[in-house]
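What follows is one structure encoded as structure tokens, with my remarks underneath.
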Amino acid sequence: MKSTFSTVLITGSSKGLGYALVKVGLAQGYNVIACSRAPDTITIEHSKLLKLKLDVTDVKSVETAFKDAKRRFGNVDIVINNAGYGLVGEFESYNIEEMHRQMNVNFWGVAYITKEALNLMRESGKGGRILQISSVAGYYPSPCLSMYNASKFAVEGLSQTIMRELDPNWNIAITIVQPGGMQTEWASSNMQWAKPHPAYENDRSWRPFWENYHGCEETDPNKAAELLYSIAKLDRPPQKLVLGHDSLELIRKQHQDIGEELESNVALSTSVAKDDFDPASVETLRQNLQSM
């Protein structure tokens, strides 16, 4: 089934990882729909390339993009939700507009694209692959990125729920990708800064870390793009894929910390059970979870 996947739609494709995904996709023979707010900045020209202007926060724009893609290539087999940006600042430093904008692009944009993709892939009878470019910040919360973290946590919760709703016979798979630092414009021109809050201007502030982060990133976007296409070709792609040593170590630490705190509070967690609670029901729950 996977060998019939021939068309990929990529959001946020004018630079960084998105641009690398366009180049690699064309090199591997895919029909590529490169979506961007500024498609004219995509300098690549190719007979298999369709450049589309897309605002992921606008439902009508998303619907139009999929219609145009289907009209040109007949279907969309792989969708890579890559559009997004980072908003830096302590939570109290954000204004309401900044907070809404971060969620609209990083979460609602992904939700709109995913909903449209699922409908098209299910009705095509071929299935498809959806790759959600999340972040290490979707599992490990980094200071001064609270709204960015929240947007990525939301993407992961949404995606994991959808995975459990899909009929395996539809051949639709979702992979959550959790990169660490990547050699792109994310930490430079693509990063937005909230106005500093005076209460947080002290030695504990993480602003200096983010101000100096660009240039320290580990992951090569071209290598990442190659890997993601390899993942999309698998019959059973992973549900989560961590990219980079930095992301791997931070996620391991968070996983360990969560597990340790969970076990240390077992007595508290179970102390609220009703008086006639049947412990055997826990085993039933475990069995049900294993079958999901």
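The backbone N, Cα and C atoms fix where each Cβ goes, glycine too.
Keep in mind the model is a prediction, meaning the values are calculated, not measured.
For Ser134, the entry in Swiss-Prot reads active site, proton donor, with the evidence type similarity to another entry. Long-range Cβ contacts of Ser134 (active site, proton donor) within its own chain (separation 6+, distance under 8 Å): Lys152, Val155, Glu156, Ser159, Ile176, Val177, Gln178.
Sequence-distant contacts of Tyr148 (active site, proton acceptor), defined by Cβ-Cβ distance under 8 angstroms and a gap of at least six in the same chain, are Gly86, Leu87, Val88, Gln102, Asn106, Ser135, Ala137, Ser142. The active site, proton acceptor annotation in Swiss-Prot covers Tyr148, and the record cites sequence analysis as its basis.
Counting Cβ atoms from all protein chains shown, Lys152 (active site, lowers pKa of active site Tyr) has 28 others lying within 10 Å of its own Cβ. Residues or ranges marked as active site, lowers pKa of active site Tyr in Swiss-Prot (evidence: similarity to another entry): Lys152.
What Swiss-Prot records for Leu17, Asp55, Asn82, Lys115, Tyr148, Lys152, Thr184 is NADP(+) binding site, and it gives similarity to another entry as the kind of evidence. Secondary structure from DSSP puts Asn82 (NADP(+) binding site) in coil.
Long-range C-beta contacts of Asp55 (NADP(+) binding site), restricted to its own chain and to partners at least six residues apart, with a cutoff below 8 Å, comprise Arg37, Ser61. Sparsest Cβ environment among the binding-site residues Asn82, Lys115 (other Cβ atoms counted within 10 Å): Lys115. In the three-state DSSP scheme, Thr184 (NADP(+) binding site) is classed as coil.
Of the residues the record lists as binding NADP(+), namely Leu17, Asp55, Asn82, Lys115, Tyr148, Lys152, Thr184, the two whose Cα atoms sit farthest apart are 28 Å from each other. Contacts of Thr184 (NADP(+) binding site) defined by a Cβ separation under 8 A and a same-chain sequence distance of 6+ are given as Lys15, Gly16, Leu17, Asn190, Glu217, Pro221, in order along the sequence.
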